[in-house]
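Record features, source TrEMBL:
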- B:Gly12, B:Pro13, B:Ser14, B:Gly15, B:Val16, B:Gly17, B:Lys18, B:Gly19: ATP binding site (BINDING)
- B:5-184: domain 'Guanylate kinase-like' (DOMAIN)
2 protein chains.
Amino acid sequence: MSERGLLIVFSGPSGVGKGTVRQEIFSTPDHKFEYSVSMTTRPQRPGEVDGVDYFFRSREEFEDLIRQGQMLEYAEYVGNYYGTPLSYVNETLDKGIDVFLEIEVQGALQVKKKVPDGVFIFLTPPDLEELQDRLVGRGTDSEEVIAKRIERAKEEIALMREYDYAVVNDEVALAAERVKRIIETEHFRVERVIGHYDNMIKATVKR
Amino acid sequence: MSERGLLIVFSGPSGVGKGTVRQEIFSTPDHKFEYSVSMTTRPQRPGEVDGVDYFFRSREEFEDLIRQGQMLEYAEYVGNYYGTPLSYVNETLDKGIDVFLEIEVQGALQVKKKVPDGVFIFLTPPDLEELQDRLVGRGTDSEEVIAKRIERAKEEIALMREYDYAVVNDEVALAAERVKRIIETEHFRVERVIGHYDNMIKATVKR
């Protein structure tokens, strides 16, 4: 079976813990997919590595790539661009390897228009109060920015219905396990394997 | 969340090993669903227990239940009726408990018409030659019956496209694990949980 890889789009409101869950998924040896590093114009935070956490680029460089049609999706969020370089994604899927995108909600909806058979997973907070606590605890944002993000989170959760799956981030290890299982079981979906079985039926049975 | 239970319909060609995989699933302590025992008019095989493997009923009793509309599905197969009593299934789903049906392919298609949001899982042989070997090895059927069943299996595999998932029965323990994971991840599907999140958004965030 030389099936094309699955495009897995992992998203959710800002502050829900997408990055932490993604790191947990990729820290276990049993994942079988490649992580697509996003590109951003936001400042690098302490401990973040260029080419690992994000490709950190200037606004000018990012806008050049948009003009060249080299972004699968991009969004401007709290004054910065975030996006996914197109060429890497397509090359990897063509090799039969699944690609895992961790992106913001607006970007995910752009990808859905271009790749409707992707697997769209939405990470949700157990509740909105916990999301607020997390944003405060992170200590990187002002009170005003946090208030904006909570309002944005409510708008983003309303967009969940555009996704295939909702995973609650109650515990990082549990959420990571759920995401891995979703990716595993998506490979069993009939529409993804039917070609293989059509061929089996056509082959004559040896008596 | 007082979600209704999921109806899980586990099917596949005769001889593929549905019963063995189902027993493996139910022998592990981490399954969270109830098994719906089917009703049949076929003779009880050595070791089978009435009310556990099947409800064994006479042709007359079975036809009475059909006339009373008390069967979710039924089929006549190699001269015998097989079917699912309706009342038990509905009562269990209403309690929020998932119900697991192991049934023949024709019956599954009847259920799909009545319960389109069920989870339809098709167990497949790794290939048709192995299916033939298994039927011969079981020693319960004549050569003529086996030849009929292989032809029937090819027709049934062609019906796989009516299902949601295809699980290969290469190893019983692996197949059982895949089925359990499918059931687990189906609970994360957005259309099954969206009501809960709609309520979360409506609630006001405490500042």
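Using N, Cα and C of the backbone, Cβ positions are placed for all residues, glycine too.
Apart from B:Gly12, B:Pro13, B:Ser14, B:Gly15, B:Val16, B:Gly17, B:Lys18, B:Gly19, the residues listed for ATP, the same chain places the Cβ atoms of B:Leu123, B:Pro125, B:Leu131, B:Asn169 within 8 Å of the centroid of those Cβ atoms.
Averaged across the domain 'Guanylate kinase-like' (B:5-184), pLDDT for the predicted model comes to 90.
With the fewest other C-beta atoms within 10 Å around its C-beta, B:Gly19 stands out among the binding-site residues B:Lys18, B:Gly19. Between the binding-site residues B:Gly12, B:Pro13, B:Gly15, B:Gly17, the minimum number of other C-beta atoms within 10 Å of a residue's C-beta occurs at B:Gly17.
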